[in-house]
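Novice: The structure is given below, and queries will be raised subsequently.
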Amino acid sequence: MLAQRTLKSLTKAVGVGLHSGQRVELTLRPAPPDSGIVFRRVDLPEPVDIVISPEAVTDTRLASTISSGSAKVHTVEHLMSACAGLGLDNLIIDITAEEVPILDGSASSFVFLLQSAGIALQDAPKRFVRILKPVEVREGEGANVKWARLSPYEGYKLSFEIDFDHPAVDSTGQRVEFDMGSGGYSRDIARARTFGFTKDVEMMRANGLALGGGLDNAIVMDDYKVLNSEGLRYNDEFVKHKILDAMGDLYLLGKPLLAAYSAFRSGHAMNNKLLRELQAHPEAYEIVTFDDEKSAPKGFSTLPRAW
């Protein structure tokens, strides 16, 4: 049986929120089978649980925010991407503020954190959402068009194309495809950092955003070049970060996908819209399990083994 996965033990991290600049503590705990991934705001007078789902997403400006009532957690996508890359199904995430810490601006610190806690197999089958028919969302026309699509595929692969009119971005790859079957998430995707432009930072900070951002947790560019002294981690780091984000946004479905995701100029809003469009068409998907893990698509049968 291809089994559900959780952590072997709890693990903790401390950091600051990218947009809030607030100090925040994370405690990641094992969770029972079929409980899913739950963010728990433990700083409130009464702790509030926020279970991940497309409907829990209430804001997609610059990041993905999930809510339950008035309780919110911002910028969940990098941690969710790490959970997707490691195949974690069940997890309780205690958080002491309303934004996940940015750490180094990628998912690699979360991957290290989760792997250091160890991964435990559980006595319940892993449930996948297998796409049976294409589902697409699209906005704009001509030069302003953007779209995202899920298509049938016996595995999980993502392709993304960006279109930034900037010298530093133009000189890198603007299209990339990643297949979970490669087993290379930690090596090829997780280290890609979020990025921004100095011309936007002042405006964002005036609006109370990017207060925790800097050269140690983002790629920062002026009108011509990357300002980080160490340069880029990948030649195509910008578009690889978009794949990283998409994996995190799509994992808010609550189950791993068996699908080919493709997108052009998509972002958090369109990724969430795509999940809601999928849910609106139950004939477009089915829930499947694998009694024999060897029959599972490559990339899931070969996820990092439990420690």
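Quick reminder: no glycine exception, Cβ is built from N, Cα and C everywhere.
Okay, these came from Swiss-Prot:
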BINDING   His78, His241, Asp245  Zn(2+) binding site
ACT_SITE  His268  active site, proton donor
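Buried or exposed, and what's around them? Tell me for each listed feature.
Specialist: Taking Cβ-Cβ distances under 8 Å and a sequence separation of 6 or more, the neighbours of Asp245 (Zn(2+) binding site) in its chain are Glu77, His78, Ser81, Gly267, His268, Asn271. Reduced to three states, the DSSP call for Asp245 (Zn(2+) binding site) is helix.
Annotation note: His268 (active site, proton donor) sits in a helical segment as assigned by DSSP.
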Novice: Tell me the Cβ contacts of His241 (Zn(2+) binding site) under 8 Å, same chain only and six or more apart in sequence, or just say none.
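Specialist: Expected: Ser106, Ala192, Arg193, Thr194, Phe195.
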Novice: Excluding His78, His241, Asp245, which residues of the same chain place their Cβ within 8 Å of the centroid of the Cβ atoms of the recorded Zn(2+) site?
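Specialist: Everything else in range on the chain: Glu77, Ser81, Ser106, Ala107, Ala192, Arg193, Thr194, Lys242, Leu244, Gly248.
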Novice: Would you please pick out, from the recorded positions His78, His268, the one with the fewest other Cβ atoms within 10 Å of its Cβ?
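Specialist: Taking His78, His268 as the recorded positions, the minimal 10 Å Cβ count falls on His268.
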